[in-house]
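Here's the structure, in structure tokens; my notes come after.
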Amino acid sequence: MRNNLRIVFMGTPHFSVGILEAIQRAELNLVGIVTVADKPAGRGQLMHESPVKQFGVQHNIPVLQPLKLKDADFQKELKTLNADVFVVVAFRMLPAEVWKMPAKGTFNLHASLLPDYRGAAPINWTIINGDSETGLSTFFIDEEIDTGNVIQQIHMPISENESAGQLHDRMILEGGRLVVESLNNIATDSVKPIPQSEFTHSLKRPAPKLFKENTKIDWKANPATIHNLVRGLNPYPAAWTTWKNAKGESKNIKVFSTLISEELGAGTLQFTSTKTQLLVDTTGKKLEIVEFQVEGKKKMTAKEWLVGNNSADWTIEFN
């Protein structure tokens, strides 16, 4: 049976585009797109279009860009698309008069196994917390954030050195499949939504926004905790720390990649190095810093940095 649902998609970043591409490949009836308004960006303050808008223009799909989702003219125009269902991926919180509009409902793709990791940064926090498994959920939107009845879920393993960026890219592929499958099930009225209260096994951990305060490396933590923080924040916004050079100058450092060494540390929190490796002597095993960026400099590997720098000239600040 062909899925003839009239679909409106709402989203903004590249992650959303990956889901749009899956809907397009499935030859579903995408009748409109809603995304953010164009914004000035860069040194020249030229107007910047969201990746989702660029996709819509490229594929001749009507694009709506409201400044306010409660705007009456926007809602009137949205109604003229006569959608059966709205799909939301990485967008804003919708007012009730919008998400209640389509007869088949409005659903969201969330990058966790709800109700675990409700919030803005589920991909980051599942890695920061050292989880070995995560997943994706589609759920019908309701009055609260990430609390609606679950349509479907899929489980995904996380490898011990996987970064948030790598998991993000895998989730685009799996998320596209899940959204298409959810749409097909909605079209045939075969969905049996599950209230999140029935997921009694869930840890229900939060996934709050990332700020400077919760992305700083605590060098007193064990190497595994530091390693998980670094990979959970790679590539953005990146875990950070402060080093002091021989001149007494403090420099903020973004750390993008680490490895846990088999070499035991003495817990003195100081650098040791070979010609190709930069290690931090933490409690337990030493932590190898593989890739980082000193403020004002380009990103580089430890091997590249050690060509012109001596680790003995640098110390870690950890207050």
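In case you wondered, yes, glycine gets a Cβ from its N, Cα and C as well.
TrEMBL annotations: computationally assigned, not manually curated.
Annotation source TrEMBL lists (6S)-5,6,7,8-tetrahydrofolate binding site at Ser112, Leu113, Leu114, Pro115. What TrEMBL lists as domain 'Formyl transferase N-terminal' is 6-181. For 209-309, the entry in TrEMBL reads domain 'Formyl transferase C-terminal'.
Feature map: TrEMBL annotations on the structure.
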residue	record	Cβ contacts under 8 Å, 6 or more apart
Ser112	(6S)-5,6,7,8-tetrahydrofolate binding site	Arg118, Pro122, Ile123, Thr126, Thr134, Gly135, Leu136, Ser137, Ala207
Leu113	(6S)-5,6,7,8-tetrahydrofolate binding site	Thr134, Gly135, Leu136, Ser137, Gln153, His155, Ser202
Leu114	(6S)-5,6,7,8-tetrahydrofolate binding site	Ser137, Phe139, Asp146, Val150, Gln153, Gln196, Phe199, Ser202
Pro115	(6S)-5,6,7,8-tetrahydrofolate binding site	Asp146, Thr147, Gln196, Phe199, Ser202, Lys204
### Message
Counting by DSSP secondary structure, give me helix, strand and coil numbers for the domain 'Formyl transferase C-terminal' (209-309).
### Response
17 helix, 40 strand, 44 coil
### Query
If the (6S)-5,6,7,8-tetrahydrofolate site is taken as the center of the Cβ atoms of Ser112, Leu113, Leu114, Pro115, which further residues of that chain fall within 8 Å of it by their Cβ?
His110, Asp116, Tyr117, Arg118, Pro122, Gly135, Ser137, Asp146, Val150, Gln153, Gln196, Phe199, Ser202
